[in-house]
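Enquirer: Got these off Swiss-Prot a minute ago, pasting:
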- LYS221: N6-(pyridoxal phosphate)lysine (MOD_RES)
Amino acid sequence: MSCPVPNPGILDIAPYTPGKSPVPEPGRKVFKLSANETPFGPSPKAIEAFKKVADHLEDYPEGTSRVLREAIGRTFGLDPNRIICGAGSDEILNLLAHTYLGQGDEAISTTHGFLVYPIATMAVGARNVIAQEKNLTCDVDAILKAVTPKTKLVWLANPNNPTGTYIPFDEVKRLRAGLPSHVLLVLDAAYCDYVSRNDYEMGIELVATTENTVVTHTFSKIHGLAALRIGWMFGPEHIIDAVNRIRGPFNVSTPAMYAAVAAIEDTAHQAMSKQFTETWRNWLTEEIGKLGLKVTPSVANFVLIHFPTDRGRTSDDADAFLTKRGLVLRALKNYGLPHSLRMTIGTEEANRLVVDGLRDFMAGK
């Protein structure tokens, strides 16, 4: 008996594996530090806005996310007509792949880039090409060397997940200048709100002055709206027009839309979250380093911790040890980092418990 057969390449895709979401045992407090979620939750104003429209769930949302695009435009000084919103930036990444990639094409991502990139690329029959990183950081020269006549798109997370590293804006501009004009450069700025470096830009200036670059962003991180699935993209009008032609007509719900408007306007909530993250990121990097473990310098809301390969001291051993204490971090074998764990910067209590736990783990307790 025959059955439907997936398109070529679909079954070659490794399914995305999210961070663990454990079910707490009775009487045990669990800290989920595996998905880069904010410990503060959404702005109270976003929750209030969500509730205000919750009595009208029978109505379809406004199909173009106009009120949200206008709020984003006001915040960043952008033309709302050059903005598109989606059910998380993941949806937008997939829409870009469907719009600009096909059988026989190639897209480039870096060694430890976000796993959605190869999934989106391979789902449309294109080939994902890996450009090697240097010190867990994007190497512009390696990307440029990977370009072939088949290259149609480059994915660049800046800052990168799961490494937490970034490249300066001058390097991003050098990358754009070195790419053929027909190659679309996608700048994924999901974690840009946490960066305080003077040489960093999320990429809006580059998008505004070119016809072949877009920048995507999300409300899942500093805004704390991951459950609502909201993202957006700023790009040239011709790219926005093309992507809109295949975008679902009601892809952002009304409650999500209004919660996002309130969230982006609550700058005090964002500033508080950014300052807390920076303080505890520095503290965690220093304290974990004192234990003899290497931490990759991060500009995001997480840190990447590297473990020895000695029996009893591995990342798997540490993961099991911490999980027993209700501390859930992210194992990274599927990112090609089998000896590392990624830790979301959590509450003060969670952060201190992780350091205490790692101290006991390294001491063999």
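Placed from the backbone N, Cα and C atoms, the Cβ positions cover glycine too.
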Enquirer: Give the helix, strand or coil assignment DSSP yields for LYS221 (N6-(pyridoxal phosphate)lysine).
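Expert: DSSP call for LYS221 (N6-(pyridoxal phosphate)lysine): coil, neither helix nor strand.
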Enquirer: List, in sequence order, the same-chain residues at least six positions removed whose CB sits under 8 Å from that of LYS221 (N6-(pyridoxal phosphate)lysine)?
Expert: ASN36, GLU37, THR38, ALA190, TYR191, ASP193, TYR194, ASN301
